[in-house]
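Asks: Mind looking over this structure? Questions follow.
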Amino acid sequence: MAELSDQEMLRYNRQIILRGFDFDGQEALKDSRVLIVGLGGLGCAASQYLASAGVGNLTLLDFDTVSLSNLQRQTLHSDATVGQPKVESARDALTRINPHIAITPVNALLDDAELAALIAEHDLVLDCTDNVAVRNQLNAGCFAAKVPLVSGAAIRMEGQITVFTYQDGEPCYRCLSRLFGENALTCVEAGVMAPLIGVIGSLQAMEAIKMLAGYGKPASGKIVMYDAMTCQFREMKLMRNPGCEVCGQ
């Protein structure tokens, strides 16, 4: 396991002193490789906390460029980076947040085989996309490689998060998407409040850190929903669908 430098020990001191986390947890983060898919609102929010917390290797995957309408909620981008690939804009911002980590941008739209190969190189994947087809593609790749997937979504004033560990008897994302169909609304059509994105992205980062460090209990086997209008959280148990084409028997 990678050892922390003196600078890193000072930088991450407030995490290292947490009971049950300690140096082992911080070194586990430094050793970890996380793939973040989508560098829009959720990806920006989640990645900056993974970077600042000391996750040692981040791969950023997106094929989009920064536009002016993104800046309301995509906090790593700026007026100066409008027109740039999102992964490059995000890489530069994250490097300023933490120069001690390695960041690899991948500005591409990958096919199933390419995505599966990339997933297999990582310890955990964050789904920060807004497209059900891409989410299903990610789920299939993560299930095949048994790489945990932390999935988040946010629209209007509502958000949700789920962790898929792919353990025996656990559901997968396809079990969830089968319940709601393929035609999910996007922020372009329905709108979204900026801080809601930060709440859900931060929850994704927290769940990722817990999984990577073996710290706490992940939000697996359930959907955690947040209603920003009333500031209320609720949970719904998510069962594995025996007829699921990905994880079903």
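Here the Cβ of each residue, glycine as well, is placed from N, Cα and C on the backbone.
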Asks: Quick check on the annotation: Swiss-Prot has Asp62, Ser69, Asn70, Leu71, Gln72, Arg73, Lys86, Asp130, Asn131 binding ATP, so which of Gly25, Gly41, Gly159, Gly169 does it put in that site too?
Replies: Gly41
Asks: Measuring Cα to Cα, how many angstrom lie between Cys172 (Zn(2+) binding site) and Asp130 (ATP binding site)?
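Replies: With distance taken Cα to Cα, Asp130 (ATP binding site) is 17 Å from Cys172 (Zn(2+) binding site).
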Asks: DSSP secondary structure for Cys175 (Zn(2+) binding site), reduced to helix/strand/coil, please.
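Replies: DSSP call for Cys175 (Zn(2+) binding site): helix.
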Asks: So which one is it: of the binding-site residues Ser69, Leu71, Arg73, which has the fewest other Cβ atoms within 10 Å?
Replies: Ser69
Asks: For Asp130 (ATP binding site), identify the closest of the binding-site residues Cys175, Cys244, Cys247, judging by Cα separation.
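Replies: Among Cys175, Cys244, Cys247, Cys175.
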